[in-house]
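Have a look at the structure below, then the notes.
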Amino acid sequence: MTTAVYCAFCGKEEADGDHAFCRQRLSMIDPPRYCPECARRMVVQVTPDGWTARCSRHGETASAR
Amino acid sequence: MTAAPEQIDVLDEAREQVLERGVGLTEAQVLKVLELPEDRIPELLALAHEVRERWCGPEVEVEGIVSLKTGGCPEDCHFCSQSGQFPSPVRSAWLDIPGLVRAARQTRDTGATEFCIVAAVRGPDKRLLSQVRDGIKAIRADGNDIQIACSLGMLTQEQVDELVAMGVHRYNHNLETARSHFPEVVTTHSWEERWDTLRMIRDAGMEVCCGGIIGMGETLAQRAEFAVQLAELEPDEVPLNFLIPNPGTPYENYPVVEGAEALRTVGAFRLALPRTILRFAGGRELTFGDLGAKQGMLGGINAIIVGNYLTNLGRPAQQDLDMLEELSMPIKALSQTL
């Protein structure tokens, strides 16, 4: 289990500012775009029933199917 | 002194013209519908639903889509997070053949009859067409007989012929917005270039899927213009998207289309296109929420994309299938499309 340091929607530090809008988008229509550990942009593949997101440093995460 | 001419109500006109005779509204009439006050929206939607049932029947066509090639597009469509010209967080990605086969299987398992393979490109090159060809073969080898559509940008005649030979039955190429507004949205190619591809598709015998996005700064008059331009094309399907203001695009700060305005648009487009498959596509989750989606289905829509989109997520497919069941709307079967 890793701690999210960065916002997966906007890539800024979680501790920096209000991420309510980001959380809303992530809960509704957006897959993560930034690695929560290092803020690198991830390679994201959306499929009809899920998504995968790959960080070049921290590996791949996937949606719960 | 002469009496003022009696004002004819546009919904009364639509009842006689569209519902009874199946003739779509004119541009001036569509504009009047788009300007109806909010308290008349239920009446509009009820009429649009009647029109849809009369001229299209009760079935709903269900489709799934997947992005075969994501991001890095050279075009500058201002709404699109996949353009390489804007600082969008979307990175380039290719879906491999096993991934494509899985996506087609996921789509078929929802009961969908359509599976659309999409690529973010100006037009397909040899590598992309080869990937599509191999992908379709692999989907068929998997025992999946779902109808396959493609959306690969602008085509040459040779490419159109290749897609026909691959068995692609429908091609999506959106005009996106009214001709008069298009130069504000895209500068790297023209509305007319898109139109040319659509004519080639039609002439080759493929079904034409052509729609656009509402909420890109167009006026109501331009929205009416767009509906009538689509009607002139006589597409088999019109996907209706509502702008998702995606980060990094020029439209990232545009407002989400308000629900009532979106419902008015749904009703107006149905009255302009009485016999066309009108599909709920991207953006409906933000614009409508759950309640609005039902209102749209009861207001002229007769097709939906289930599951996720290309770079954004949709509602879980089961949620939409449950909604259709609750509304007693039958899903179009594959046997009806062949």
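In case you wondered, yes, glycine gets a Cβ from its N, Cα and C as well.
Features of the protein shown, as given by TrEMBL:
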type: DOMAIN; residues: B:58-284; note: domain 'Radical SAM core'
type: BINDING; residues: B:C73, B:C77, B:C80; note: [4Fe-4S] cluster binding site
type: BINDING; residues: B:C116, B:C209, B:R279; note: [2Fe-2S] cluster binding site
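Sequence features annotated in TrEMBL and their locations in the structure.
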residue : record                        : DSSP class
B:C73   : [4Fe-4S] cluster binding site : strand
B:C80   : [4Fe-4S] cluster binding site : coil
B:C116  : [2Fe-2S] cluster binding site : strand
B:C209  : [2Fe-2S] cluster binding site : strand
B:R279  : [2Fe-2S] cluster binding site : strand
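Cβ environment of B:C209 ([2Fe-2S] cluster binding site): B:C116, B:A149, B:S151, B:R170, B:Y171, B:N172, B:H173, B:P235, B:D236, B:E237, B:V238, B:P239 lie under 8 Å away, each six or more residues apart in the same chain. For the domain 'Radical SAM core' (B:58-284), the predicted model reports an average pLDDT of 97. Within the same chain, residues at least 6 positions away in sequence whose Cβ sits under 8 Å from that of B:C80 ([4Fe-4S] cluster binding site) are B:C73, B:A120, B:N246, B:T249. Cβ environment of B:R279 ([2Fe-2S] cluster binding site): B:E61, B:E63, B:G211, B:E237, B:V238, B:P239, B:L240, B:I301, B:N302, B:A303, B:I304, B:I305 lie under 8 Å away, each six or more residues apart in the same chain. Sequence-distant neighbours of B:C77 ([4Fe-4S] cluster binding site) (same chain, 6+ apart, CB under 8 A from its CB) are B:S83, B:E176, B:V185, B:V186.
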